[in-house]
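Straight from TrEMBL, the features:
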- 4-242: domain 'Endonuclease/exonuclease/phosphatase' (DOMAIN)
- 7, 34, 145, 147, 241, 242: Mg(2+) binding site (BINDING)
- 107: active site (ACT_SITE)
- 145: active site, proton donor/acceptor (ACT_SITE)
- 147: site 'Transition state stabilizer' (SITE)
- 216: site 'Important for catalytic activity' (SITE)
- 242: active site, proton acceptor (ACT_SITE)
- 242: site 'Interaction with DNA substrate' (SITE)
């Protein structure tokens, strides 16, 4: 199975890039974050694709957040709430339940500079851990934009950013907690090298200079680790400040 996750930073503006990408990569499932649109605001090219079931969870606030899923496989069930009102109203979650595995698409809050926003982010991580714990020992894939660089190897300038949002010890510990639940970072299963990033700030020629952060992940249950065939960052695709991330897994 070929699965791709991508924060498109606005699906309407990314439409030509997304459709080109879909045609060239031909994935079985695509999970999108930060779509910033309701289905009614999107063209038929994005809402009615041949051979794909399409699911949206937009934010109540127009032009903000939201996630989507395109799947060749028909899920048995779809969930779009995790149990935190603010988070659920921002359209940050989709759970697709298939016969032999469960797939979660998540767009975590950024955290920002204000304490209340960071508290919100950390609370969502804690609630997510409880949610995952309650799911038992299912084969699970957890993907999306987590807005945290887990380790120093996951950003170009760790020393300059060690007190900045997305790389504080509090946030990084939340990724540790997810891993302690029995998840594996699929990218690090096959690649322990530095220099691979999925998000590049606008300006300063950051992408060209490879001054980025790896904050987009595809976690898999430990019992799926041996089934991971490839995991990579598709840096060649434009249209967003994030790169698509690819997981190929035997399921």
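Backbone N, Cα and C define each Cβ position, glycine as well.
Where TrEMBL records a feature, it is marked here on the structure.
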| residue | record | CB count, 10 Å |
| --- | --- | --- |
| 7 | Mg(2+) binding site | 26 |
| 34 | Mg(2+) binding site | 26 |
| 107 | active site | 26 |
| 145 | Mg(2+) binding site | 28 |
| 147 | Mg(2+) binding site | 20 |
| 216 | site 'Important for catalytic activity' | 23 |
| 241 | Mg(2+) binding site | 17 |
| 242 | Mg(2+) binding site | 25 |
Residue 216 (site 'Important for catalytic activity') and residue 241 (Mg(2+) binding site), distance between Cα atoms, whole Å: 12
Within 10 angstroms of residue 216 (site 'Important for catalytic activity'), Cα basis - binding-site residues out of 7, 34, 145, 147, 242: 7, 145, 147, 242
Coarse DSSP state, helix versus strand versus coil, of residue 107 (active site): strand
Env. residues of Mg(2+) site, Cβ within 8 Å of mean position of 7, 34, 145, 147, 241, 242 Cβ: 9, 33, 107, 199, 215, 216, 240
PLDDT averaged over every residue in the domain 'Endonuclease/exonuclease/phosphatase' (4-242): 97
Length of the line joining the Cα atoms of residue 34 (Mg(2+) binding site) and the residue listed as 'active site', in Å: 7
Inter-residue C-alpha distance, residue 147 (Mg(2+) binding site) and the residue listed as 'active site' (nearest angstrom): 8
Between the residue listed as 'active site' and residue 242 (Mg(2+) binding site): CA-CA distance (Å): 13
DSSP state at residue 34 (Mg(2+) binding site), helix/strand/coil: coil
For residue 7 (Mg(2+) binding site), the three-state class that DSSP assigns: strand
